[in-house]
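One structure below.
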Amino acid sequence: MSEALSPDQGLVEQFLDTMWFERGLAENTVASYRNDLSKLLEWMAQNQYRLDFISFAGLQEYQSWLSEQNYKPTSKARMLSAIRRLFQYLHREKVRADDPSALLVSPKLPTRLPKDLSEAQVEALLSAPDPQSPLELRDKAMLELLYATGLRVTELVSLTMENMSLRQGVVRVMGKGGKERLVPMGENAIEWIETFLQQGRSLLLGEQTSDIVFPSSRGQQMTRQTFWHRIKHYAVIAGIDVEKLSPHVLRHAFATHLLNYGADLRVVQMLLGHSDLSTTQIYTHVATERLKQLHNEHHPRA
């Protein structure tokens, strides 16, 4: 028999359910919130606080405690984001008359530029899979689609047949916060997807049926982690330093290379599914740094 939840744990679970069902937060985000908020509840229990009466000063105490635990600034910022959302919810649901988290100050974060690949490196990465193998033909189509669309890895591995129109050349994506967007695929990606659908997909599915466009070797939905391992495998073949990579390396390359060729920032924002333009603007810094590097390497007076 499972252990009964405390009142505070019950409130957190109600909050997480709301984030999941009504706000459309991704499973990974909800799991992260649950983990972060469990730390808060544990600290509160040890210090005789409850969610319905902890004050701003109490939350500041918790913030100080987090600093003493040597968490990275990014981790502390993420934890404070979860706390703010929780207390906004409790205030909205009238569990509390106030929101004690409203004045909490987040740690200052260094600007982190996305890891950048040159066009030549992207070409090498896209050429690494052997399309004679059904598995690598799938990977080739996935890599081409990632670079052509800038999808998030979670959006790619969960892409279904009904959300892709090869005739119209677009994919329909349900992004963060349940926001839907249409993204054009480009001829190259379409050709490789068609080849995979005709020659490789049925071999991976075997006797199983699935609406997932890119099934795993067992005919099921691939995990993000599995695809990340595949990217690293091809990076080694392409002679790319794995340290330069992240799971979203082709999403970053998509955005940076579009901007390098003069794409409008707001168009790139729309294609990436960013709700805030400032999130997209970071790619302009990458593009600028790349231009400076090229200038330094090739200009006679640099």
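Using the three backbone atoms N, Cα and C, a Cβ is placed for every residue, glycine included.
As annotated by Swiss-Prot, active site applies to ARG152, LYS176, HIS248, ARG251, HIS274, with the evidence given as sequence analysis. Residues or ranges marked as active site, O-(3'-phospho-DNA)-tyrosine intermediate in Swiss-Prot (evidence: sequence analysis): TYR283. The domain 'Core-binding (CB)' annotation in Swiss-Prot covers 6-91. The domain 'Tyr recombinase' annotation in Swiss-Prot covers 112-296.
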C-beta crowding around ARG251 (active site), within 10 angstroms: 22
Three-class DSSP secondary structure - ARG152 (active site): coil
Pairwise CA distance, HIS248 (active site) versus ARG152 (active site), rounded so that it is a whole Å: 7
HIS248 (active site): tally of other CB atoms within 10 A of its CB: 20
Inter-residue C-alpha distance, ARG152 (active site) and ARG251 (active site) (nearest angstrom): 7
Helix, strand and coil totals (DSSP H, G, I; E, B; other) for the domain 'Core-binding (CB)' (6-91): 67 helix, 0 strand, 19 coil
Assigned element (helix, strand, coil) containing HIS248 (active site), judged by DSSP: coil
